[in-house]
Amino acid sequence: MASFEVRGGQPLRGEIVPQGAKNEALQILCAVLLTPEPVTISNVPDIRDVNKLIELLRDMGVKVGKLGPDTYRFEASDVHLDYLDTPEFVAQAGALRGSVMILGPMLGRYGRCQLPKPGGDKIGRRPMDTHFLGLEKLGGQLTLEGTDFYRIKADGKLKGTYMLLDEASVTGTANILMAAVLAEGTTTIYNAACEPYLQQLCKMLVRMGAKIQGIGSNLLVIEGVERLGGTEHRMLPDMIEIGSFIGLAAMTGSEITIKDCQIAELGLIPDTFRKLGIQLEFRGDDIYIPAQPHYEIATYLDGSILTISDHTWPGLTPDLLSIVLVVACQAKGTVLIHQKMFESRLFFVDKLIDMGAQIILCDPHRATVIGLDQRKSLHGITMTSPDIRAGVALLIAALSAEGTSKILNVEQIDRGYQNIDQRLNAIGADIRRAS
Ligand SMILES: CC(=O)N[C@H]1[C@@H](OP(=O)(O)OP(=O)(O)OC[C@H]2O[C@@H](n3ccc(=O)[nH]c3=O)[C@H](O)[C@@H]2O)O[C@H](CO)[C@@H](O)[C@@H]1O
Ligand SMILES: C=C(OP(=O)(O)O)C(=O)O
């Protein structure tokens, strides 16, 4: 188990470039299975989950060429369907959440796929029902083996239809969309998720020859085509990493410029941090955060306590709430953090409380944070990273704290943040990795 030893209390200073988006990468990589022609993808983040998915595709027979540090060429002209029956496949696919998105493309192109329950963060129930309800509507027949192995197949081509999703599931929408682009006739997906990850996937599919209307909305209309061709695609910067750096700058009193953020794609993220009193300046496409000794949480107009909660896009992504929560620990004022989607994502606040933060965990979904206004520093402790975003929230807390902290299980952080220790050390952090 790798760990970080973090000496905190030092402000950071400088410029940082966000990596390509993790959750977009996982969708885009699965989409290469839809065509026998070459697909070139750039700004691919060098992170554990993405590297594992690339390895899985390679083992499935996809030809993978690395053209540059963040650019790959994929060619799925000879996919080995038999590989899906091997224990190696089961182990690989079960090790990350993103593997779930091979279902749609494989069903659409080859008429069958199978998958163990996917991995990913243990942050509460993560049902797959929406994926299969949608794929079944297109003609897929699902067989369950126990509760954690799924087989889906179709007799002949999938058939387009109307569907109203029970939840706007991000990976579920991606799966159904990737199956529908090769189905016969028109598929309408209402209550579709529309995160930038999905918008990017739609744009890529259109470049490959798919016919999709309603991109960016919750109503997608897809007219199936016979085949898709190759394309080139560049990943957006990771909006969760950008949010994490904004939070890091505020909590450590650092002056940081986050480069090339594609600000127009960030939705409510900048304004959410502004509600915590954090000053942000847009300089072209960079976000400049000045060193701020204090920041004050806004109240509602009537003076009542602010709530920050997650929502499906264009609401605030749940993946940033742990960061918002940790940053509030050193703000002036009080905020209620309400994590609506996942029920096990807030338990990490126990560690922040051990470090000296003032937090009341009201129930598994809600925590009230009473900010310390930098009157008292957090102090370093030894802690374990429970999930990717809580892990980074703890890293931010450790960088702001007096003394030394040790964070165990940083493989969780490595799932989604590229060389985070080296990149933060380059702007003045003191993080030592031990493996
Ligand atoms: C690899 C990947 O892309 N992972 C992301 C993806 O996971 P993933 O696609 O697995 O998450 P889903 O969108 O399916 O659902 C997330 C959770 O929210 C619940 N839910 C979802 C929609 C809804 O309208 N109401 C509702 O309650 C679901 O039951 C589930 O518990 O989207 C999540 C929600 O943005 C993010 O946290 C994950 O980082
Ligand atoms: C929950 C997350 O990832 P995953 O879906 O891969 O577990 C995340 O990126 O915050």
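Backbone N, Cα and C define each Cβ position, glycine as well.
For the domain 'Enolpyruvate transferase' (6-423), the predicted model reports an average pLDDT of 97. The annotation domain 'Enolpyruvate transferase' is assigned in TrEMBL to 6-423.
Applying an 8 A CB threshold to same-chain residues 6+ apart, the list for Lys22 (phosphoenolpyruvate binding site) reads Pro45, Ile47, Asp49, Val50, Asp238, Ile240, Arg415, Gly416. DSSP gives Lys22 (phosphoenolpyruvate binding site) a helix state. Here TrEMBL flags Lys22, Asn23 as phosphoenolpyruvate binding site.
What TrEMBL lists as UDP-N-acetyl-alpha-D-glucosamine binding site is Arg97, Asp319, Met341. Mapped onto three states, the DSSP output places Asp319 (UDP-N-acetyl-alpha-D-glucosamine binding site) in helix.
Marked as active site, proton donor by TrEMBL: Asp121. If you draw a 10 Å sphere around the CB of Asp121 (active site, proton donor), it holds 20 other CB atoms from the protein chains shown. Look at Asp121 (active site, proton donor): DSSP puts it in coil.
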Q | Largest CA-to-CA spread of UDP-N-acetyl-alpha-D-glucosamine binders Arg97, Asp319, Met341, angstrom | A | 16
**Q.** Those residues of the chain, 6+ apart, with a Cβ under 8 Å from that of Met341 (UDP-N-acetyl-alpha-D-glucosamine binding site)
**A.** Gly124, Asp310, Pro318
Q: Provide, as an integer number of angstrom, the distance between the C-alpha atoms of Asp121 (active site, proton donor) and Arg97 (UDP-N-acetyl-alpha-D-glucosamine binding site).
A: 8
Q) Just checking: which of the recorded positions Arg97, Asp121, Met341 have a C-beta under 6 Å from ligand 2? A) Arg97, Asp121
Q. Do you know which of the recorded positions Lys22, Asn23, Asp121 end up with C-beta under 6 Å from ligand 1?
A. Asn23
**Q.** Number of other Cβ atoms within 10 Å of the Cβ of Asn23 (phosphoenolpyruvate binding site) across all protein chains
**A.** 25
Q) Inside 8 A of the center formed by the CB atoms of Arg97, Asp319, Met341, which other residues of the chain have their CB, for the recorded UDP-N-acetyl-alpha-D-glucosamine site? A) Gly120, Asp121, Ile123, Arg126, Val170, Thr317, Pro318, Phe342
